[in-house]
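Novice: Input: one structure, supplied below.
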């Protein structure tokens, strides 16, 4: 498979072949916004674990370990849904394009958020879980979009930065999900009403984003942003009615990806790195709070610790956003994918060891330092992996390679 190359001349004077449109930033902003809202839906329940346990106690299993597992599944259902739906979602993206895929994502996200508004009663955990499952289905149409969107709208020298900014929305959504719920929801008589207002707010935001995507989100610009995309469009046009209406070429592309040694190695390493990140995000509260409960015995202190855990999760994501943007800029200028990957993995290993070794000390400042290190290198690598995959598998479909990378994290998360 060939690396992506771009001639210096991207258009001619009299007859424009390529053009970079200012509208690309609006398209990217819309994507970041709706991916943010979906990522928020992923984590906003598990970060207030004790509140969910108390509110839905009547409809949860009586065995404590089973009840805890049921709540953990509110987050893990995202991983399961993606593993099951990655190929259909990638096919929709390849067959129908960015606009249809985005409409599917935002409509499902809105429906799932709306279902939660009717699920605050203590006997309706099943409805809460159903709404979360619909939101998880929406995620399957979101995670593979950053690389194809960057390729469709941005010039060759902006690809890594645009991909990093595309992942940026998801990370900010997780950060907001870590911070906001613990600030506004606490155990007590008013927790059901607090949950209702949180769910209504989520439904309003996702509904507004669905309408905005419906009105303003475009599939691609009139002219391609690069000569590479011009070639892709011409090939797509030549194969219209052949490749687009059958699964033969799609299956052939999948086979080529899975038999490319470099891509297989990247998939395995990316899956391990991202699986650890998913596990840490999902289980941050159950991992950290028990260590502090050993020394903090009154409920007020425990509530304060849970808020601090939310801010630690925010630190994990904020550092990752910074890392993603910096890596994106560096890659656009250097194209040093392998060196960047090796440095990320090495420093992620150091951060994981630091977190593991210092957690029993029950020192909040050490937790925050560990989260910052892990976030910058582990979370910051997410967009790098997408662009590296697109680089070593060109001219294969970016949505399919990104989808496989995301799917590779699900088995790792399950093992962890």
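Just so you know, glycine gets a Cβ as well, placed from its N, Cα and C.
Just so you know, TrEMBL annotations are computer predictions that nobody has curated.
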Novice: With the ranges 196-217, 218-239 to choose from, which does TrEMBL describe as transmembrane segment?
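Specialist: Checked against TrEMBL: transmembrane segment maps to 196-217.
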Novice: Could you tell me which of the ranges 47-72, 125-150 is annotated in TrEMBL as transmembrane segment?
Specialist: 125-150
Novice: Can you say which of 285-304, 365-384 is given as transmembrane segment in TrEMBL?
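Specialist: The listed stretch tagged transmembrane segment in TrEMBL is 365-384.
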Novice: Counting CB pairs under 8 Å, which listed stretch among 125-150, 309-330, 342-359 touches the transmembrane segment (257-280) the most?
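Specialist: Looking only at 125-150, 309-330, 342-359, the most contacts with the transmembrane segment (257-280) come from 342-359.
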Novice: Average the pLDDT scores across the domain 'Major facilitator superfamily (MFS) profile' (27-416) and report the rounded value.
Specialist: 83
Novice: Sequence-remote contacts (6 or more beyond its ends) of the transmembrane segment (309-330), Cβ cut-off under 8 Å?
Specialist: 43, 47, 160-165, 167-168, 171-172, 174-175, 178-179, 181-183, 280-281, 284-285, 288-289, 336, 340, 344, 364, 367-368, 371-384, 387
